[in-house]
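**Q** The domain 'SAM-dependent MTase RsmB/NOP-type' feature in TrEMBL is assigned to 21-396. The annotation S-adenosyl-L-methionine binding site is assigned in TrEMBL to Asp142, Asp170, Asp271. Annotation comment: TrEMBL describes Cys333 as active site, nucleophile.
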Amino acid sequence: MADSTPEQSSTPPLPRAFLDFLEENGIDPSIYVKGDTIPRYIRLKPGCENLVPGIEAELACELERVDWLPGFYAVPPQIKIASSEAYKSGKIYGMDAASGAAVLALDVSEGDHVLDLCAAPGAKLCMLSDLLGNSGSLTGVDVSRDRLAACRTMLLKYTLGDRCRLFIADGTSFSLLPLRPSMNVKSCVINGDGVASTFGEWTSKRSYKDRKNASKLKNSIGSQLALATSEPELFFYGKNSGVVGLQRTELFSVADNAEASNLGYDKVLVDAECTHDGSIKHIQKFEHWGWKTLDHRVLDAKRTNSLMHLQLQLLTNGFKLLKAGGTLVYSTCSLTFAQNEDVVERFLIKNHSAELQGVDAAKNWPCRSGRIPHTLRFDPNTSQTSGLFVAKFIKNYSKNAKEMNQLEKFTRIA
């Protein structure tokens with residue numbers, strides 16, 4: 001892991017207010033001149049390594065292997081992949097190397113039940129599915145129907161949805177546990193008349209009643225409030241996700257803290273909504289959008305405070321759904337202390353079973369330590385990637401959770 005101070009370069013033509021914002025957060029303004037020099041990163045679908053020469057010929061550039069991140073390749077920033085046959089046929093997809101590192105930090109193992117609490121637009125979800133292979137389960141959650149539709153499209157395109165469930169839901173209140181064989185399900189009726197029916201294989205065709213209800217919810221003024229107070233909507237499920245064959249009254253299991261510690265997810269990713277100030281290409285867009293829009297999207301104190309509250313809620317709920325002994329990774333593409341280290345500190349104060357863990361693989365990663373030990377920071381100067389903050393937590397066992405975990409292991413063996 002790199003410890004050197006980022007090199008200084010000329011300051012880009014940024015608004016004074018934004019430069020002050022960067023100074024307050026200890027961010028080097030020179031990173032914003034790197035947008036045209038940072039490589040573009042792509043991830044190659046496992047098993048397609050022999051196709052690299054053909055992809056290089058099609059893109060007319062060399063695919064430079066990223067030594068510290070398996071499956072990732074760097075290409076020149078001007079290269080467009082969307083029109084390539086490799087992209088259209090689901091062999092490659094674009095994903096920044098720093099984002100790949102956040103997923104790798106979870107250390108996903110065979111058979112894990114994994115939750116991606118802020119799943120859209122879907123690249124991390126696809127990588128998680130690749131890492132799981134033909135085992136375990138993957139649950140993706142997002143508050144936006146349109147963004148979750150993009151996730152579903154990616155899963156189907158790359159044939160990675162077999163063990164996945166997608167829910168339209170508020171990540172701060174989502175409370176469904178993974179579908180484990182040993183679970184005692186607390187049922188709740190999800191259709192109006194209370195009649196249970198069995199889930200068959202997923203189809204994109206919805207009934208007229210479902211489409212009408214979804215349209216009403218989408219167009220209603222209080223749709224976000226309704227979402228926060230209603231049950232999650234099952235948006236997609238794969239053939240081997242555990243949903244097929246269930247009665248509708250069996251799908252939902254509302255978790256309390258004790259149940260989640262015993263039967264929750266093995267791994268949770270919380271890639272939280274943020275101001276995106278670490279995304280160089282995002283900030284460059286304000287040159288076209290107008291720098292005045294930067295004031296309310298990035299610099300506005302009320303928005304930042306609101307985001308910090310949301311981030312803490314997402315992190316807290318993700319940790320609640322984590323099984324004792326499990327791992328959670330919190331990440332944002334902001335470089336500010338407020339949305340990263342400050343959120344982590346506030347979370348640790350209120351969650352005594354949470355413990356920050358180092359990322360073993362990071363010893364070979366081109367990143368810096370955050371303000372808090374064991375946290376990581378990627379940035380254009382140090383990493384040749386977009387900016388990203390990563391913190392890894394483990395959920396320590398309580399006495400009751402230890403006993404339940406031993407019982408579950410015994411049950412599996414029996």
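The chain as shown is numbered from 1 upward.
Backbone N, Cα and C atoms are what each Cβ position is placed from, and that goes for glycine too.
Automated prediction, rather than curation, is the source of TrEMBL annotations.
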**Q** Let me check the 10 A CB neighbour count of Asp170 (S-adenosyl-L-methionine binding site). How many other CB atoms are there?
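**A** There are 19 of them.
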**Q** Distance between Asp271 (S-adenosyl-L-methionine binding site) and Cys333 (active site, nucleophile) at the Cα atoms, whole Å?
**A** 8
**Q** Given the S-adenosyl-L-methionine site residues Asp142, Asp170, Asp271, which other residues of that chain have a Cβ within 8 Å of the mean position of their Cβ atoms, reported in sequence order?
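**A** These residues sit around the S-adenosyl-L-methionine site: Leu117, Cys118, Ala119, Ala120, Val141, Val143, Ser144, Ala169, Gly171, Glu273, Leu314.
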**Q** Quick one: average pLDDT across the domain 'SAM-dependent MTase RsmB/NOP-type' (21-396), no decimals.
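**A** That stretch averages a pLDDT of 88.
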**Q** Let me spell it out: for each of the binding-site residues (Asp142, Asp271), count the other Cβ atoms within 10 Å of that residue's Cβ, using every protein chain shown. Which one has the most?
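**A** Counting Cβ neighbours within 10 Å, the top one is Asp142.
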**Q** Rounded to the nearest angstrom, how far is the Cα of the residue listed as 'active site, nucleophile' from the Cα of Asp142 (S-adenosyl-L-methionine binding site)?
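**A** Distance (Cα to Cα, whole Å): 17 Å.
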**Q** What whole-number Å value do you get for the CA-CA distance of Asp170 (S-adenosyl-L-methionine binding site) and the residue listed as 'active site, nucleophile'?
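**A** So the alpha carbons of Asp170 (S-adenosyl-L-methionine binding site) and the residue listed as 'active site, nucleophile' sit roughly 20 Å from each other.
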**Q** Counting across all protein chains shown, how many other Cβ atoms sit within 10 Å of the Cβ of Cys333 (active site, nucleophile)?
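**A** I get 25 for this one.
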**Q** Let me make sure I understand the span of the S-adenosyl-L-methionine site: among Asp142, Asp170, Asp271, what is the greatest distance between any two Cα atoms, in Å?
**A** 14
